[in-house]
C-alpha cells in the first residue's frame, strides 16, 4: 500500500471520495513517526550504527535538555538500543550512559528502567529479564548500582531453584539469569557462587538423556563418546562460570566488550500447553579450535549472544543474517579469524589464545544447533533454514564451505546414533537448502553407502532427502543431479518413475473395468451426489448377483467409488478438494463403519503408493472433512509399521486431534467471555452490581462434565462446551491409541526391538540388518513421541498409564522397563 | 524488538486493485488475514510443490494447516499464469510464510508473498488483456519459467505446455471453489443407509448462521 504517495498531488479526481480515510491514515502515521519521544528513541538506537564517540556528547546534551516527561521514552530507547546487542562498540556507549546517568536524570532513567524490568518479570518475559540483568551487571561494574543490591537481585533468582516443585523451564531460565549476571559482574560479587545452580543441574540427569540428540537406548546415561558432540546450556554455563571463578573474574573485560544489552517488547503467547521444560542440548559439528567452545567463558558469551540475536531478529531473517555476519565487529578483537581476503583485517589481527574461531562455522553450527534442539526448536525449523540461505547469499565463498562441512558431519552422525527426529529435520533442511542453490550436492562421495541396508540411517537420510527434493522440484530435474549409481532404481535412492497415482481400474482388462468406468464417467460429468449414490447402489446389487466377484460387494463398491473419486481429484490439490466437497455425501455413506474407514485409508494409501506427500495430504483432508478420525489414522500407521513407522502420518493425526481441542478451547473462552459480559451487563442493569463470573475450568482430566458451570449459559456456549468435551475425549483416545501402538510394536510383537536395546547391542550395529534398524528407529520415535507430546500426555497421565500400559504393568523385561522409564521421564514421574 | 528492524511480515504495497473496500478497512482485514497472494511463480509450478513449501509454516497442533490453494489461471487458455492464493486456517501461519518463505526460491524462482484480503470469486483469473497477468503484458525479457517471451510469444509455446494446460481445462468462471474443510463440528450418528442425506443438527444451524453473520460484517463493503 503506497501510503506515502498521497499528499504529493495524487489525491484528486476519482480518489477524492476516499480522501478522508487517507488523510486520517497519513496523519496518524506521521504523528507516530515524528513525535519527540520517537525521535529520541531513534537517536539512541542509531548510536550503534554511527561513530559513537563523536555522536555521544551531542546526544547526551540533547537528552539532558529534555523535560522529565520524556523519561519513559529515554528509558525505552535505551532498552531498545541494547536490543541491538552486538551492533555497537559498547565501551563508549557505557561511558555515554554513565555521562548522562548523572543525577537527577540518571536516577530517573534507572528508575524507569527498573519499572520495565519488573514488568518483564511480571510478564515472565525471561529473555528480556535476562538481558536486563546483563545491563544491570554492567552498571554494577561501573558503580552505578551497588554490589549489594545486585547480589540481592541475583540471589532472588537462585532462590527460585529451591522452590518446591519448580518446573524445569522456570528453573533453567532463572539459573541463566543468575549465572549470566554473575559472569558479567562477578568481579564485584565474588563471594556469591553458583553452587545452587550446579546442584540443580546435577539433578537433571534423566531428562537430559531424553533430549540428547545422540543417545543410545540401552543406557540411561549419555555415552562418553557422545558427550563432546552436543553441549547442554546449563552444563556450559556452570563450566564457564567455574573457569571465571578460578581466575577471580579477571578475564571478564576480555570477553564482554562492556556491552549493555538487549531488551525486546514481544509478549509470549497464551497457549496453555508449555513446551520449554527440557534441558537444551546444542549439537556440535566442529572442534573447539574451529568454533566457539561453549564450556569456556568466552565461548559461552559468544554462543549465548548469537542465540539471542537469532531469536530476537526472527522477525527479519535478512537483517538477522547481516548482524550475524558483522558480529566480530562487536566482539573483542582476536575472538574470530579475519575474513579471508581482507588484508587490512589480517594485518592487525592478533589471535587470542583459545579463541581465534572461524565465524561462519560458528554461525552455522549455532543455527543448526538451535534448529535441531529437542524436543522442538524455539522457532519453526524453516526459519533457521532460510536464515542460513540468507547467510549464504551474503557471503557465498565463506558460508558455503561451512554448510558443506556441516552436512558431511551430520551425515556421519547418522550412523552414530543421531536421533530420528534430528535426522528428519536434517533431511528437511538439506532439501530446502539445495532447492535454493540449484540442487548442487556432491552425491558421488556417498556412493559406497548405497551398499548399506535399506533402513540404515544413512540410507534413510538419502532416500528422504531425495524424496523431499522431488517434492520441491520434479522427478526428472532431481534425477539429473545424481551420479549414475544413485539413479538406478535398484539402489533404492530414487523411485523408478515420477510420483503419481495408481488407479487399479485403468487397464481395460482389469476386473470390474466397466463398472469402474461407469462410476468414473458419472463423477467426471459432475452427476449430482444423490444420483451417484443411487448409481452405486444399483451397481452393487448387480455385482452382488454376479456369482464370481470374489469379494464382499460393499468392499468392492467402496474400492471402485473411492478410487474413482481420487482419480478425478488426482490432477491437483484443488481438484481433490473440489471432488471431496462435491461428493461429501457419497464419502460419508461409504465410510460409515470403523472397518469402512480403515478400508478408505487403505485405498488412499494404495492409490497414492508412489507419492507419500499425497497420502499425507489426503489423510489430512479426510480428517478435516471428518470422513475419518485421527485415531483411525493412528491405527492405520501402526498396522503398516513393519517397514518402519511413518512418523509424518502419525504426527499429522496427533496434531489434528490436539489442534481441534485448541480451537474448541478458544471458542469456549470467547463465548464464555461474551456470556460473562452479557451477564454482568444484565446484572448491572438490574441492581447495579457487577460481579466476576466463575473462572473457566479447562483441566483436561475433569472435563467430563462440562455442564457443571453456570446455570444460564447461552446455547452457543453449551454447544461449544459439548464440542470441547467431545474433542478432549477424542484427543485422549488418540493418544492412547498411539501408546498402545508403540507397546504392541516395541514390546509384544518384535524380537528385534528387544535385541537392539540389549546391553552391548549397539557395539554390533555395523552388522545390523534392516530388521534391527527399523526396530531401532521405532524406539527413537517412541522416545520422541513421549517428549514431544509430553504436555498433552501429562494431562491424561493417570488414564493413559492404566489404559495403554496395562500389559506392561507386571512385566520386568528390558523392553518393558525401558518403555516405562521413558514414559516416566516424559510425564515427570521420574 | 520490532522497533529496531522492520519485520518482514508487514503488508507491502501489493493490493487488489479491484477491491472495493476502503483503506482502513483493508488494513483491518490484513491484520487478521489467513490468505497469501503468491507471485513470480513459474507457469509450471504445481499446487503440490506450493503445498509442500507452505506446509512448512503450518501450525497443525494449533488447529492450523494449508486450507486451500487457488491457482491463478489465464482467463482464456485456463493455464497457470504465475500466481496463486494460499489460504491457511490461522493468521500466524500467513505471517510465518511472510517471514520465512517470501523471497526464497520455489521451483528455482524467487517467489513473493503478500498478505491478501481473502479470495473472492473471479480473482482466480489473470487480468491482463491477453488473459494472463498484467505484468506479463509489459515484460520484455525472455523468461522460460513464465512461457518465454511476453504475452504474444506465449502462444507459440502452446504445445510444450500441453500437460499443464489440460490440468485446469475444466475450470469454469463462476464455478464454486472448494473451501478446504471447515472446523470440526459435532456430527450426528452417520446414517447406515447410503441413500440418506445427513440430517442437520440444531448445533450446525447455530454455528453456520453465526458464521454467516460474521462473514457478512467482514465483507459487507467489499
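Cβ coordinates are placed from backbone N, Cα and C, and glycine is handled just like the others.
What TrEMBL says about a protein is an automatic prediction, not a curated fact.
Taking TrEMBL as the reference, the stretch among B:1-25, B:26-50 described by the feature region 'Disordered' is residues B:1-25.
Summed and averaged per residue, pLDDT over the domain 'RRM' (B:34-118) gives 95. Secondary structure of the region 'Disordered' (B:1-25) per DSSP, as helix, strand and coil residue counts: 3 helix, 0 strand, 22 coil. With DSSP classes pooled into helix, strand and coil, the tally for the region 'Disordered' (B:124-151) is 9 helix, 3 strand, 16 coil. The DSSP breakdown of the domain 'RRM' (B:34-118) into helical (H, G, I), extended (E, B) and coil residues amounts to 24 helix, 31 strand, 30 coil.
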